[in-house]
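So that you can see what the record holds, here are the features copied from TrEMBL:
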- 9-32: compositional bias 'Basic and acidic residues' (COMPBIAS)
- 33-126: domain 'CS' (DOMAIN)
- 1-35: region 'Disordered' (REGION)
Amino acid sequence: MSESTPTKPQDEMSKEEQAAHDAKERERERAEQAALPYQWTQDLSTVTVTLPLPKGTKGKDLNVVMGKKKLKVQLKSASEPILEGELFNDIISDESSWTIDDSTLNIELEKLSAHIASHQWWPHVLTHHPKIDTTKIVPENSKLEDLDGETRGMVEKMMFDNRQKAMGKPTSDELKKMEMLEKFKKAHPEMDFSNVSIKHTLPCSAMLLVKGDDSC
(Lines of atoms letter the chains of each structure in order from A; the text may use other names.)
(Lines give C-alpha, C1' and ligand atoms only; values in the text may rest on other atoms or scores of the structure.)
Protein backbone atom coordinates (compact mmCIF):
# COMPACT_ATOMS: atom_id res chain seq x y z
CA MET A 1 0.00 0.00 0.00
CA SER A 2 1.47 3.34 -1.00
CA GLU A 3 1.80 6.04 1.60
CA SER A 4 0.03 9.35 1.05
CA THR A 5 2.22 12.33 0.21
CA PRO A 6 2.57 14.59 3.23
CA THR A 7 1.12 18.06 2.88
CA LYS A 8 3.75 20.73 2.38
CA PRO A 9 3.66 23.54 4.99
CA GLN A 10 1.70 26.51 3.63
CA ASP A 11 4.56 28.94 4.02
CA GLU A 12 6.67 26.71 1.73
CA MET A 13 4.08 26.51 -1.06
CA SER A 14 4.34 28.43 -4.33
CA LYS A 15 1.46 30.73 -5.27
CA GLU A 16 0.12 28.07 -7.64
CA GLU A 17 0.34 25.35 -4.99
CA GLN A 18 -1.33 27.60 -2.42
CA ALA A 19 -4.17 28.43 -4.83
CA ALA A 20 -4.73 24.74 -5.63
CA HIS A 21 -4.59 23.82 -1.95
CA ASP A 22 -7.07 26.56 -1.02
CA ALA A 23 -9.49 25.54 -3.79
CA LYS A 24 -9.39 21.90 -2.65
CA GLU A 25 -9.96 22.91 0.98
CA ARG A 26 -12.88 25.19 0.05
CA GLU A 27 -14.53 22.36 -1.88
CA ARG A 28 -14.05 19.93 1.02
CA GLU A 29 -15.40 22.52 3.45
CA ARG A 30 -18.46 23.24 1.28
CA ALA A 31 -19.28 19.52 1.04
CA GLU A 32 -18.95 19.03 4.81
CA GLN A 33 -21.10 22.04 5.62
CA ALA A 34 -23.75 21.07 3.05
CA ALA A 35 -24.08 17.67 4.75
CA LEU A 36 -25.07 19.24 8.09
CA PRO A 37 -28.78 19.14 9.07
CA TYR A 38 -28.75 22.94 9.38
CA GLN A 39 -27.19 26.03 7.84
CA TRP A 40 -25.35 28.69 9.77
CA THR A 41 -23.76 32.11 9.44
CA GLN A 42 -22.03 34.45 11.86
CA ASP A 43 -20.88 37.97 12.45
CA LEU A 44 -18.76 39.37 15.26
CA SER A 45 -21.54 39.17 17.84
CA THR A 46 -24.01 36.51 16.69
CA VAL A 47 -24.24 32.99 15.29
CA THR A 48 -27.40 32.34 13.25
CA VAL A 49 -28.62 28.76 12.77
CA THR A 50 -31.47 27.82 10.41
CA LEU A 51 -32.97 24.35 10.74
CA PRO A 52 -35.79 22.89 8.60
CA LEU A 53 -38.67 21.40 10.59
CA PRO A 54 -41.54 19.07 9.70
CA LYS A 55 -44.24 21.00 7.85
CA GLY A 56 -46.70 22.66 10.18
CA THR A 57 -44.44 22.63 13.27
CA LYS A 58 -45.38 25.32 15.81
CA GLY A 59 -43.44 26.77 18.71
CA LYS A 60 -45.51 24.77 21.19
CA ASP A 61 -44.36 21.57 19.48
CA LEU A 62 -40.68 22.22 20.21
CA ASN A 63 -38.30 22.02 23.14
CA VAL A 64 -35.37 24.37 22.47
CA VAL A 65 -32.54 24.58 25.01
CA MET A 66 -29.90 27.29 24.64
CA GLY A 67 -27.51 26.87 27.55
CA LYS A 68 -24.25 28.68 28.18
CA LYS A 69 -22.46 26.14 26.02
CA LYS A 70 -25.22 23.78 24.92
CA LEU A 71 -27.80 23.67 22.16
CA LYS A 72 -30.67 21.21 21.90
CA VAL A 73 -33.69 21.13 19.59
CA GLN A 74 -36.28 18.39 20.00
CA LEU A 75 -39.86 17.79 18.92
CA LYS A 76 -41.91 17.10 22.03
CA SER A 77 -43.48 14.15 20.22
CA ALA A 78 -40.10 12.60 19.35
CA SER A 79 -37.84 10.41 21.46
CA GLU A 80 -34.60 11.76 19.97
CA PRO A 81 -33.50 15.38 19.45
CA ILE A 82 -33.21 16.88 15.98
CA LEU A 83 -30.08 18.68 17.07
CA GLU A 84 -27.99 18.43 20.22
CA GLY A 85 -24.42 19.13 21.26
CA GLU A 86 -21.82 21.32 22.90
CA LEU A 87 -21.40 24.80 21.45
CA PHE A 88 -17.95 25.90 20.32
CA ASN A 89 -17.91 28.71 22.86
CA ASP A 90 -20.05 30.39 25.50
CA ILE A 91 -23.19 32.32 24.62
CA ILE A 92 -25.41 34.69 26.58
CA SER A 93 -28.54 32.59 26.95
CA ASP A 94 -30.80 35.44 28.05
CA GLU A 95 -29.98 37.42 24.92
CA SER A 96 -30.24 34.48 22.52
CA SER A 97 -33.57 33.69 20.87
CA TRP A 98 -35.43 31.48 18.42
CA THR A 99 -38.42 31.81 16.09
CA ILE A 100 -40.26 29.64 13.58
CA ASP A 101 -40.99 30.96 10.10
CA ASP A 102 -42.61 28.76 7.45
CA SER A 103 -41.51 25.50 9.10
CA THR A 104 -37.95 26.76 9.54
CA LEU A 105 -36.40 27.26 12.96
CA ASN A 106 -34.23 30.38 13.20
CA ILE A 107 -31.85 30.48 16.18
CA GLU A 108 -29.84 33.57 17.14
CA LEU A 109 -26.97 32.79 19.51
CA GLU A 110 -25.38 35.81 21.17
CA LYS A 111 -21.62 35.32 21.50
CA LEU A 112 -20.26 36.03 24.96
CA SER A 113 -16.92 36.97 23.38
CA ALA A 114 -18.49 40.04 21.77
CA HIS A 115 -19.38 41.39 25.21
CA ILE A 116 -15.95 41.00 26.77
CA ALA A 117 -13.90 42.72 24.04
CA SER A 118 -12.57 39.38 22.78
CA HIS A 119 -14.17 38.99 19.34
CA GLN A 120 -13.87 35.53 17.88
CA TRP A 121 -14.94 33.66 14.76
CA TRP A 122 -16.45 30.24 15.39
CA PRO A 123 -15.03 27.35 13.30
CA HIS A 124 -18.23 25.37 13.90
CA VAL A 125 -21.47 25.64 15.88
CA LEU A 126 -21.33 22.27 17.62
CA THR A 127 -17.98 20.79 18.58
CA HIS A 128 -18.68 17.39 17.02
CA HIS A 129 -19.34 18.88 13.58
CA PRO A 130 -16.76 19.73 10.87
CA LYS A 131 -14.86 23.02 11.09
CA ILE A 132 -14.53 25.86 8.63
CA ASP A 133 -11.27 27.74 8.06
CA THR A 134 -11.69 30.91 10.13
CA THR A 135 -8.51 32.40 8.64
CA LYS A 136 -10.45 33.02 5.42
CA ILE A 137 -13.30 34.92 7.08
CA VAL A 138 -13.74 38.64 6.54
CA PRO A 139 -16.67 40.66 7.93
CA GLU A 140 -19.62 40.34 5.54
CA ASN A 141 -21.80 43.14 6.84
CA SER A 142 -19.19 45.84 6.39
CA LYS A 143 -15.71 46.40 5.05
CA LEU A 144 -12.85 46.76 7.48
CA GLU A 145 -12.42 50.43 6.60
CA ASP A 146 -16.06 51.05 7.58
CA LEU A 147 -15.56 49.76 11.13
CA ASP A 148 -14.72 52.04 14.02
CA GLY A 149 -11.07 52.13 15.01
CA GLU A 150 -11.34 49.89 18.08
CA THR A 151 -13.43 47.21 16.37
CA ARG A 152 -11.26 47.28 13.25
CA GLY A 153 -8.17 46.81 15.39
CA MET A 154 -9.72 43.80 17.14
CA VAL A 155 -10.79 42.20 13.85
CA GLU A 156 -7.42 42.74 12.18
CA LYS A 157 -5.60 41.31 15.22
CA MET A 158 -7.92 38.29 15.24
CA MET A 159 -7.40 37.67 11.51
CA PHE A 160 -3.62 38.06 11.83
CA ASP A 161 -3.42 35.68 14.81
CA ASN A 162 -5.56 33.09 13.01
CA ARG A 163 -3.25 33.19 9.98
CA GLN A 164 -0.15 32.94 12.18
CA LYS A 165 -1.54 29.95 14.08
CA ALA A 166 -2.44 28.18 10.83
CA MET A 167 1.19 28.51 9.71
CA GLY A 168 2.64 27.60 13.11
CA LYS A 169 4.01 31.10 13.61
CA PRO A 170 3.90 33.40 16.69
CA THR A 171 0.73 35.38 17.39
CA SER A 172 0.80 39.15 17.85
CA ASP A 173 1.03 38.76 21.64
CA GLU A 174 3.91 36.31 21.30
CA LEU A 175 5.70 38.68 18.90
CA LYS A 176 5.42 41.43 21.50
CA LYS A 177 6.95 39.12 24.11
CA MET A 178 9.80 38.35 21.72
CA GLU A 179 10.44 42.05 21.16
CA MET A 180 10.38 42.78 24.90
CA LEU A 181 12.73 39.87 25.58
CA GLU A 182 15.20 41.09 22.96
CA LYS A 183 15.23 44.55 24.55
CA PHE A 184 15.80 43.03 27.98
CA LYS A 185 18.63 40.82 26.67
CA LYS A 186 20.39 43.83 25.16
CA ALA A 187 20.02 45.73 28.43
CA HIS A 188 21.42 42.78 30.42
CA PRO A 189 24.13 41.01 28.37
CA GLU A 190 25.51 39.48 31.57
CA MET A 191 22.42 37.28 32.03
CA ASP A 192 21.91 33.77 30.58
CA PHE A 193 18.74 33.54 28.46
CA SER A 194 19.42 30.12 26.92
CA ASN A 195 16.45 28.50 28.67
CA VAL A 196 13.95 31.34 28.15
CA SER A 197 11.00 30.63 25.86
CA ILE A 198 8.87 33.26 24.14
CA LYS A 199 5.87 31.44 25.59
CA HIS A 200 6.91 32.60 29.04
CA THR A 201 5.80 35.97 30.32
CA LEU A 202 8.67 38.17 31.38
CA PRO A 203 9.09 38.44 35.17
CA CYS A 204 7.96 41.64 36.88
CA SER A 205 11.55 42.82 37.29
CA ALA A 206 12.04 42.55 33.54
CA MET A 207 8.73 44.28 32.82
CA LEU A 208 9.78 47.14 35.06
CA LEU A 209 13.14 47.53 33.34
CA VAL A 210 11.85 47.17 29.78
CA LYS A 211 8.58 49.08 30.00
CA GLY A 212 8.74 50.96 33.24
CA ASP A 213 5.60 49.07 34.24
CA ASP A 214 5.27 48.73 38.01
CA SER A 215 1.70 47.38 37.98
CA CYS A 216 2.67 43.68 38.43
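Along the chain as shown, the residues are counted starting at 1.
Just so it is clear, glycine is given a Cβ too, placed from its N, Cα and C backbone atoms.
Broken down with DSSP, the compositional bias 'Basic and acidic residues' (9-32) shows 21 helix, 0 strand, 3 coil. Secondary structure by DSSP for the domain 'CS' (33-126): 12 helix, 42 strand, 40 coil.
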